[in-house]
Amino acid sequence: MRSPCIIGFCSPAQPRPAVQPQPPPSTMPPRISTLHLPRRPVQLRDLRILPRRLQSTKAPSSAAPTAPKAQVNLKAIRSNPSYHAQNCINRNYAAYSEYPDRIACLHHDLVTMQQALRGDRERANDLLAQIRRAESKEHKAELVAQSQQLKMKLSAAEEKEHEIEHEMARLAAVLPNATSRLTPIGAEPKVLEYLNPHLAPGKDGAKPEKEYKSHVQIGSELKLLDFSDAGAVSGHGWYYLLNEAVLLEQALINYALFLAVKKGWTMASTPSMVWTHMASACGFQPRDQSGEQQIYTTNDGRHALAGTAEIPLAGINANKTILASSLPQKIVGVGRSFRAEAGAYGLDAKGLYRVHEFTKVELFSWAPSPAETEARLAEEGGELANPVFDPMLDPADLVFAEMLELQKTFLTSLGLYARVLEMPSHDLGASAARKIDIEAWMPGRAAKDPWGEVTSLSNCTDYQTRRLNTRMKMNNGKTSFPYTLNGTACAVPRVLLAILENGWDEERRGVVIPEVLRPYLGGMDFIGKKK
């Protein structure tokens with residue numbers, strides 16, 4: 001049985017003041033008023049700090065900023081509720097499938113109410129005009145009474161309007177993104193291609209032609225990994241990297257950064273903690289639909305440890321308007337990722353595959369939406385081609401392809417046998433319209449499934465920017481919402497796992513280091529057993 005995964009952090013900004021024992025009333029010193037202070041120059045002893053006063057002093061608190069006001073496209077939902085209801089079912093969000101119809105009904109109620117109130121508002125304005133023109137006090141008093149009564153009615157109706165609008169926004173905010181036409185519907189992914197197919201160990205990818213070891217065994221034998229002591233210190237799902245494994249982590253980070261920077265990406269090191277409303281706007285909820293803990297939150301619920309650098313990177317442009325001409329903006333970020341669900345998946349719970357904390361290099365981009373390209377082509381007198389597959393109409397597709405190529409280059413150059421998958425609708429989560437995963441062959445997992453995810457790539461269209469209120473000013477002066485894309489450049493533990501298991505040399509009892517990493521390791525090409 002899983003234990004609760006909520007980890008509380010007492011806010012350092014608001015320590016509990018120490019309770020001081022009070023002396024009996026008869027012995028309490030008299031309170032000194034500033035009016036009775038002696039009129040003399042201030043001396044050093046007057047500035048001494050009393051320990052008792054220090055203990056009761058509170059540090060200034062850090063107030064949470066106002067959360068971005070979500071700009072969910074309610075019109076699109078209520079104009080086609082059947083599509084959005086089916087989309088919820090297709091994406092394994094069946095619990096939300098009634099929300100689109102509910103939004104449509106609420107909007108109908110709102111319009112009906114507003115139409116009915118239009119006459120009351122006109123009547124209220126007419127009464128105000130009559131009050132100004134009233135000739136007698138009696139007539140004026142009668143009109144004022146009518147006006148006040150009507151004002152109370154309008155106030156109650158406006159409050160009801162706000163309630164309906166708030167409820168529609170609440171329901172719409174949790175609905176998943178629309179799904180790409182390229183995404184397979186259901187639970188089965190589509191294999192797009194294999195990387196390093198010449199390294200395939202067998203026809204089905206599960207029959208090794210040489211002897212392999214689990215990375216847990218390798219890490220123990222070569223003194224690279226320590227799960228036992230980490231378990232005693234931190235609990236299950238935590239680990240120590242030791243000796244050359246520490247160097248390998250840094251080498252993988254630097255190599256991933258090198259590949260991205262070479263293609264023009266800007267580097268960033270991201271915060272590990274974010275406001276919970278930032279995580280929610282990106283599609284990350286504290287708990288999933290089954291109630292399982294997903295992210296670590298503070299006791300007051302205001303902060304969360306970032307599950308991925310995607311969250312702090314997406315937040316950079318929250319509540320901002322950026323120029324369409326400056327897009328795409330591309331950042332490669334390095335950050336620590338925290339996952340609360342580690343240890344809940346049987347074989348995945350062993351070793352490095354599913355852990356609570358790890359270093360990840362993340363690719364993140366803001367790209368122009370089709371709205372900007374449509375406006376540009378209209379100004380230039382161009383003709384619109386296929387709105388789904390034409391890269392001229394959807395420049396985000398070009399960024400998506402560039403990110404995928406970076407991922408493939410990284411894994412191919414490491415000498416890993418891998419497969420590229422178009423992920424099905426059940427695995428998209430809330431924010432992605434399209435998602436491609438790459439899984440590496442991991443012989444230590446052959447008893448269950450030899451394939452393990454090492455990268456993921458998502459096109460979130462305007463799902464995140466609408467919820468973060470990130471706007472894009474187009475060349476024609478109008479504003480729209482840019483697209484966001486995110487992808488893994490390197491999730492260190494899983495790539496390290498694959499390198500250890502695939503690089504194991506049984507005869508030499510060690511691991512061969514991929515050639516592309518050797519320059520980052522001072523030329524080291526092999527990790528052997530310690531003497």
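Heads up, the Cβ atoms here are built off N, Cα and C, so glycines get one too.
Note: TrEMBL annotation is automatic and uncurated.
What you see is a predicted model, and the numbers here were worked out from it, not measured in a lab.
The compositional bias 'Pro residues' annotation in TrEMBL covers 14-28.
If you look up TrEMBL, you'll see 117-174 marked as coiled coil.
Here TrEMBL flags 322-514 as domain 'Aminoacyl-transfer RNA synthetases class-II family profile'.
Val454 (ATP binding site) falls within a strand segment according to DSSP. Annotation comment: TrEMBL describes Arg339, Ala340, Glu341, Val355, His356, Glu357, Phe358, Glu453, Val454, Thr455, Ser456 as ATP binding site.
For Thr488 (site 'Important for serine binding'), the same-chain residues that are 6 or more apart in sequence and have a Cβ closer than 8 Å to its Cβ are Lys360, Val361, Glu362, Leu363, Gln407, Val454, Thr455, Ser456, Leu457. Summarising the annotation, TrEMBL assigns site 'Important for serine binding' to Thr488.
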Averaged across the coiled coil (117-174), what pLDDT does the model get? Just tell me the whole number, please. 81
Surrounding CB atoms that lie within 10 Å of the CB of Glu341 (ATP binding site), all protein chains: 17
Compile a sequence-ordered list of residues in the same chain as Arg339 (ATP binding site), six or more apart from it, whose Cβ lies below 8 A from its Cβ; state 'none' when nothing qualifies. Gln294, Ile295, Gly307, Arg354, Val355, His356, Glu357
Within its own chain, what residues at least 6 apart in sequence put their Cβ under 8 Å from the Cβ of Phe358 (ATP binding site), listed in sequence order? Arg336, Ser337, Ala491, Val492, Pro493
Out of His356, Val454, which has the highest number of nearby Cβ atoms, where nearby means within 10 Å of its Cβ, if these are the binding-site residues? Val454
